[in-house]
Structures are given as C-alpha cells and as structure tokens.
Amino acid sequence: MKILYSPRRFYPVETLFNGTLSLGGRDQETTGFAWWAGNARLINLSGKLLGAHVAHAGLIVFWAGAMNLFEVAHFVSEKPMYEQGLILLPHLATLGWGVGPGGEVADTFPYFVSGVLHLISSAVLGFGGIYHALIGPETLEESFPFFGYTWKDKNKMTTILGIHLILLGFGAFLLVFKALYFGGLYDTWAPGGGDVREITNLTLNPNIIFGYLLKSPFGGEGWIASVDNLEDIIGGHVWLGSICIFGGIWHILTKPFAWARRAFVWSGEAYLSYSLGALAIFGFTACCFVWFNNTAYPSEFYGPTGPEASQAQAFTFLVRDQRLGANIGSAQGPTGLGKYLMRSPTGEIIFGGETMRFWDLRAPWLEPLRGPNGLDLGKLKRDIQPWQERRSAEYMTHAPLGSLNSVGGVATEINAVNYVSPRSWLATSHFVLGFFFFVGHLWHAGRARAAAAGFEKGIDRDTEPVLSMTPLN
C-alpha cells in the first residue's frame with residue numbers, strides 16, 4: 001500500500017529516551033515515536049490500531065463488570081445506596097432493575113447478571129484485542145478493504161463517522177425500548193415517593209424537546225439539566241437517536257462538501273482532537289446534570305442535590321417546630337425575615353433562612369405541598385406525610401457538599417469522613433475528566449494544525465536543561 005505521507009515528516013517528535021526498544025518493527029526510527037508514545041506508533045498500521053482499540057474496550061468493560069460485582073458483594077439492603085459509596089448500582093437501579101416503591105432494592109440478582117455479562121463481554125473483547133495486536137494483519141487495507149482506511153481519505157473518514165453515529169443512535173433507542181417495553185424506568189416523581197413505571201406518553205413535540213437547548217443555563221432556567229420528567233427525557237432520546245441514525249446514513253451516502261474539506265484538518269491527530277473536544281463537552285454537561293438533576297439521577301440512589309439537602313434542612317426544622325407549637329406563617333428570624341417561610345423575588349412563598357437561595361428547587365417530596373403561589377400554608381399545617389418527613393431528614397444529613405450546617409454559605413461541619421455522596425464523586429470526576437480532555441483537545445488540535453501547516457518541529461532538545469545536568473548514574 002502506498003503511504004500518502006511520512007509519519008516522520010508529520011510527527012518528528014524527538015526524545016532523549018533510548019529508541020532501541022522495539023516491537024515488531026514498530027520502533028522510534030520507523031514510526032517517529034518512542035515506545036512510551038503508545039498508539040501513536042500505530043498511526044499507519046490500521047490492523048494493530050484496531051487491536052489496541054478493541055483491547056482498550058475490553059479493559060473498560062472488564063472494569064465495569066468487576067466493579068459491578070464488587071458493589072453487589074458489598075451491598076447492604078438496609079442502607080440507602082448513596083450511603084454505601086456505590087457508583088454503578090445507582091445507574092442500574094435508575095434503569096428500573098431490582099427496585100420497587102420508594103427506591104427500595106427488592107432483588108440484587110439483576111445486578112449480579114449485569115456484572116457477569118460485562119465480564120464475559122470483556123473476555124471476548126480482550127481476546128479480540130490480543131489477536132489483532134499480535135496475530136492479525138498489520139494493515140487492513142489489502143485483506144479487508146472495507147475496514148481499511150487512510151487518514152487523508154475524506155470520504156472514508158465521513159463514512160466511519162456515519163457508522164459511529166448510527167451505533168450511537170441505536171444506543172439511545174435501547175433506553176427508549178427499556179422505558180417503553182421492558183419494565184420501564186425508576187420515576188422519582190411517581191406518587192407516594194417514587195416507583196418503577198413504563199413510560200406511556202412520550203414527549204415528541206420539538207418545541208418542548210429543543211426548547212431545553214434554548215434555555216439559559218443560569219438560575220431557574222437550567223438549560224437541559226432542568227428536565228424534570230421522564231416523558232421529556234425519553235422523548236429526547238427518540239429525537240436524538242433518530243437524528244444520529246439519519247445523520248449517520250447521510251454521512252455514509254454523501255461526500256464532504258467543499259467548505260468542510262477546506263475548514264477541517266484531515267489527519268489522525270486532528271480526529272483525535274475533535275473526539276477529545278466532544279468528550280470534554282459531554283463531561284462538563286454530565287457534571288452539571290448529575291449535580292443539579294434529581295430526575296435522571298434520582299436522589300433515592302445518588303443522594304440529594306445540594307439545594308435539595310439545604311431545603312430538606314429547612315423543612316425538617318419547620319416540621320419539628322410546628323409540632324412544638326410554632327406559628328410557621330408569622331415567626332420571624334434574627335434578621336426580621338421569615339424564620340420558616342418568606343417570599344421569593346417573584347412573590348412565591350418559599351422556605352426562609354439561608355436556604356432561600358435555593359428557592360427554585362423542585363423535588364418530589366416537596367412538590368405535593370405547593371399551591372399556585374408557592375408553598376401552601378394550609379398544606380404545610382395539615383398535609384405533611386410521614387414519608388416526606390423521613391426523606392427530608394435523611395437528605396438533610398447527607399448533603400453532597402459534605403456539610404449539614406454553614407454560616408454564610410461556608411461549611412462548618414464537614415462530614416466527608418464516613419460519607420461522601422456519589423453525586424459528589426460523579427460530578428467532580430466528570431468535571432475533572434472533562435477538563436483534562438479539553439486540555440488534550442487543545443494540545444492535539446494545535447499539533448494537528450501545525451503539522452498541516454508544515455511547521456511542526458517537535459521540541460528543541462539542543463537547549464534542554466537536562467543535558468547540562470550530571471547523569472543520575
């Protein structure tokens with residue numbers, strides 16, 4: 001096969017390290033990369049790069065299966081999931097597996113099955129990765145032209161993009177089918193404190209679905225993270241799955257337009273940078289979603305959101321003091337504002353005290369107590385149910401910020417020794433990973449653009465400070 005360009009021409013990164021270590025001819029001299037540069041050595045070896053990708057997928061799936069079984073083995077049914085440091089079982093419970101009313105786990109067998117299936121899948125992927133890395137053809141273009149490619153082949157690249165989009169679309173529809181036909185999903189808003197239910201009345205109105213994208217990300221608007229019902233979530237997956245599938249078909253059947261051919265850099269490193277940029281956006285979006293949204297990420301499994309824990313504290317003390325005879329409608333706090341209840345900027349009745357900054361919170365344990373003008377004083381006096389009291393007391397003491405009390409918003413009693421909320425773990429990890437993916441995007445985009453412009457020189461090692469230092473040995 002004729003290679004369209006020399007990897008050493010485009011990627012002449014020099015290193016101080018010993019370049020003699022090689023594997024199957026993939027050494028620094030022939031590839032332009034030292035052994036520790038990993039998959040960069042395989043840029044023009046499509047068969048070996050396939051092996052690396054399949055093996056990587058196997059590692060990911062192996063972790064999922066092993067961690068899944070680890071959590072099942074340590075699961076205690078008497079305690080809520082968020083108190084046990086679980087990060088995978090909450091996802092399975094949200095999908096409706098093994099849970100019943102109120103989010104109580106009735107059966108852990110589906111979780112065990114999930115773990116075993118992932119382990120078996122990882123073994124298949126692992127064998128495939130080893131085969132393609134060590135035994136299979138180095139390049140696919142000669143033996144399997146459908147799977148072969150060159151990075152500069154714009155039409156082939158958009159065809160591969162199309163195939164990926166179709167697979168993503170099918171993934172979105174898997175959730176739709178689970179919600180509609182295979183047992184439903186856990187709905188935290190189901191009457192009486194949440195339950196598993198099949199979704200029957202999808203929201204397919206494009207004005208509603210795409211209206212989320214046009215919302216402000218600030219305050220009570222909340223962009224797409226403000227979705228508060230499963231009908232909109234599943235309807236959104238129908239739209240997204242359809243767009244991905246039709247977009248994939250479009251990219252397979254068409255060739256890139258002239259403007260696209262001119263606008264993009266067409267090289268392996270450029271595609272890597274585009275992918276990292278997309279993953280960074282996904283990570284930042286997931287961070288906001290898991291931190292603020294208690295519909296897609298039910299508080300029964302992930303623990304309360306920050307605003308939810310704060311409002312739960314106000315509600316818990318309101319219930320206590322009302323039983324002791326306090327008049328919650330007129331009592332004043334030390335600032336002269338309402339101690340238990342006050343008015344929001346838009347005139348609604350909200351909880352008083354410091355939690356007023358979270359006045360636009362919506363939570364299933366609190367919504368039944370609202371009326372047309374915010375919290376209903378009559379309902380607060382007569383209609384509070386025991387399950388609402390229990391849940392708010394539980395959420396009050398399990399804030400994702402790791403704090404029960406605070407002064408002016410500064411935490412004073414950090415409780416992060418015996419309890420860290422899975423919501424905190426997931427939000428923080430996705431933000432940090434999203435940030436590093438974004439930095440990787442900038443790094444590889446800069447290298448790809450420089451290589452395309454012809455001035456990528458690598459790092460100048462002649463003036464490297466380490467050269468003037470005494471050798472370690």
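Start at 1 and count along the chain as shown; that gives each residue its number.
Quick reminder: no glycine exception, Cβ is built from N, Cα and C everywhere.
Keep in mind that this is a model prediction, so the values were computed, not measured.
Going by Swiss-Prot, these are the annotated features:
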MOD_RES   Thr15  N-acetylthreonine
MOD_RES   Thr15  phosphothreonine
TRANSMEM  69-93  transmembrane segment
TRANSMEM  134-155  transmembrane segment
TRANSMEM  178-200  transmembrane segment
TRANSMEM  255-275  transmembrane segment
TRANSMEM  291-312  transmembrane segment
BINDING   Glu367  [CaMn4O5] cluster binding site
TRANSMEM  447-471  transmembrane segment
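Mapped onto three states, the DSSP output places the residue listed as '[CaMn4O5] cluster binding site' in helix. Listed in sequence order, Trp189 are the same-chain residues six or more apart from the residue listed as '[CaMn4O5] cluster binding site' with CB atoms under 8 A from its CB. Long-range contacts of the transmembrane segment (69-93) within the same chain: residues 99, 103-105, 108, 110-112, 114-116, 119, 186, 297-303, 394, 398, 419-423, 425-426, each at least 6 residues beyond the stretch ends and with a Cβ under 8 Å from a Cβ of the stretch.
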